[in-house]
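Asks: I have a structure I would like to understand better, so I am pasting it below and will then ask my questions one at a time.
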Amino acid sequence: MATPKPEEISHPPMDQLQGLEYCIDSNPSWVETIVLGFQHYILALGTAVMIPSFLVPLMGGSDDDKVRVVQTLLFVEGINTLLQTLFGTRLPTVIGGSYAFMVPIISIIHDPSLTRIEDPHLRFLNTMRAVQGAMIVASSIQIILGFSQLWAICSRFFSPLGMVPVIALVGFGLFDRGFPVVGHCVEIGIPMLILFITFSQYLKNFHTRQLPILERFSLLISTTVIWAYAHLLTASGAYKHRPDLTQHNCRTDRANLISSAPWVKIPYPLEWGAPTFDIGHAFAMMAAVLVSLIESTGAYKAASRLASATPPPAHVLSRGIGWQGIGILLNGLFGTLTGSTVSVENVGLLGSTRVGSRRVIQVSAGFMIFFSMLGKFGALFASIPFPIFAAVYCVLFGLVASVGLSFLQFTNMNSMRNLFITGVALFLGFSIPEYFREYTAKALHGPTHTRAGWFDDFLNTIFFSSPTVALIVAVFLDNTLDYKDSAKDRGMPWWAKFRTFNGDSRNEEFYTLPFNLNRFFPPR
């Protein structure tokens, strides 16, 4: 047998991911675009419903309050997505709700000054106003770091090697939103997982009028089939004598969203009343804003690859963070009960459908705004059981994580230094947040537990986030361990040309502002 040639056993690094049907500026037909946009909207519903469904009851809110928060969150998500795709990074990213804000918000909910309010609805309103005030103040962190280009300066310390654990853990770090939630109702979760993988991968070559319909619309088709199956189980009385927890996760009529939703309602700023401001609450919320910033940085890098674009230049990334800060400000003004970050599941869907078109994401933003105002129709789609979403997350979060690992192709993984940094950052990125979660579950407070509640919330929020821990460890080690003699091993020669807008001619195609705005905001 002949000895294989080097090119037969290795693969050359590629600046842009190959195999996508549509990149940022290439668009499918309008009919296909609208259906794909609706598919992204359906996927975004998972987080938009999960977060309020958990937090609103803790605040004393009713089903009516929960529906209003879900509608408001979707409305602001649509606005923020349009702002980001038009004026931010311009990448095809849905801006959704963030789990990073859960720790400081739960701390506000348990503030003694709020828990002593006896009337549940009044407690809900006062808690909402406190969360709004903290979020409005904390949003200044991203606005300042983004628009001042300070985050662009910070990003100069990032390398392909340092970004691998961060991007990987943007996906892997959400493992508890995947199969553990599928396990809450395996009779619909597992069929959804199998069906989605079958349609999107094994039957992807099935074409109708030259369109790979099963691959392109696998999420929509499989969700429709399993949702109908879940409704059939509900209507037939399959869950009639099952425990309440099983009924809550499996039935299609337990969310009480449709009956509580108004036919038409347009969310508006300060509809919950004037925000209240507390320095301790605001300081804790700043940690969540920093976590959101780091997680979004990793997600933007992944989105650029899955949209077949070049990595966003430093000033474009910083510009996107600035607009995301504006988005968190809008979250605070409208009262969405969570801040903004890049929706990781929607980034994964870019790769699953092989469509990275910006127009598709803008159409999905239109659906968010439209259905948030038509309450009954939006609530109908939002009543999809959570295990159906979780089954899809198992695939899409993993896909985003693998994009992070793909950055290793630009580094030298025969270097013991690089192996050490990658392994330690990944392991600690998993291990430290898991320790914080287990400790909190047992002790009902985080490992950081002092008399200064704001300080506890700040550190607990930081170390609950896998990508944030990974960034701290990876960037520190990468810039202190033999960094002067390892630029090539770290992948810096490849990375350097994408740091500035003019470093690569393709940047103009992907990241130029619309309406000729680059005349007033020249690229750097």
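Cβ from N, Cα, C; glycine included.
Sharing the feature lines straight out of TrEMBL:
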type     : residues : note
TRANSMEM : 38-58    : transmembrane segment
TRANSMEM : 91-110   : transmembrane segment
TRANSMEM : 130-150  : transmembrane segment
TRANSMEM : 157-175  : transmembrane segment
TRANSMEM : 181-199  : transmembrane segment
TRANSMEM : 219-239  : transmembrane segment
TRANSMEM : 279-300  : transmembrane segment
TRANSMEM : 360-382  : transmembrane segment
TRANSMEM : 388-407  : transmembrane segment
TRANSMEM : 419-436  : transmembrane segment
TRANSMEM : 458-477  : transmembrane segment
Asks: Do the transmembrane segment (419-436) and the transmembrane segment (157-175) share at least 3 Cβ pairs closer than 8 Å, excluding pairs fewer than 6 residues apart in sequence?
Replies: yes
Asks: Sort out the residues at least 6 away from either end of the transmembrane segment (181-199), same chain, that have Cβ-Cβ distances under 8 Å to it, and list them.
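Replies: Residues 214-215, 218-219, 221-223, 225-226, 229-230, 233, 245-246, 249-250, 385-395 contact the transmembrane segment (181-199) from elsewhere in the chain.
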Asks: Report, as numbers and ranges, which residues of the same chain sit near the transmembrane segment (130-150): CB under 8 Å and 6 or more residues beyond its ends.
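Replies: That would be 101, 104-105, 108, 111, 114, 272, 275-278, 281-282, 284-286, 288-290, 292-293, 314-315, 318-326, 328-329, 331-333, 335, 337, 339, 524.
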Asks: State the non-local partners of the transmembrane segment (219-239) in its own chain: residues 6+ outside its ends, Cβ under 8 Å from one of its Cβ atoms.
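Replies: Here the qualifying positions are 35, 38-39, 42-43, 187-188, 191-192, 195-196, 199-200, 246-247, 250-253, 349, 352-353, 384-385, 388, 392.
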Asks: Do the transmembrane segment (157-175) and the transmembrane segment (38-58) share at least 3 Cβ pairs under 8 Å, sequence separation 6 or more?
Replies: no
Asks: Counting only CB pairs under 8 A, let me know which of 38-58, 91-110, 279-300, 388-407, 458-477 has the most with the transmembrane segment (360-382).
Replies: 38-58
Asks: So what's near the transmembrane segment (91-110) in sequence-distant terms, Cβ-Cβ under 8 Å and 6+ beyond its ends?
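Replies: Distal contacts: 24, 40, 44, 47-48, 51, 54-55, 58-59, 73, 77, 80-81, 83-85, 127, 130-131, 134-135, 174, 177, 281, 284-285, 287-288, 291-292, 295, 299-300, 303-304, 307, 309, 312, 320, 324, 327, 336-343, 346-347, 350, 356-358, 360-361, 364-365, 446, 453, 457, 460-461, 464-465, 510.
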Asks: Same chain only, please: residues at least 6 beyond the ends of the transmembrane segment (279-300) with a C-beta under 8 Å from a C-beta of the stretch. Say none if there are none.
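Replies: Answer is 89, 91, 93, 98, 100-101, 103-104, 107-108, 111, 130-131, 133-135, 137-139, 141-142, 145, 151, 155, 163, 166-167, 169-170, 312, 317, 320-321, 324-325, 328, 339-344, 347, 400, 404, 453-454, 457-459, 461-462, 464-465, 467-468, 471.
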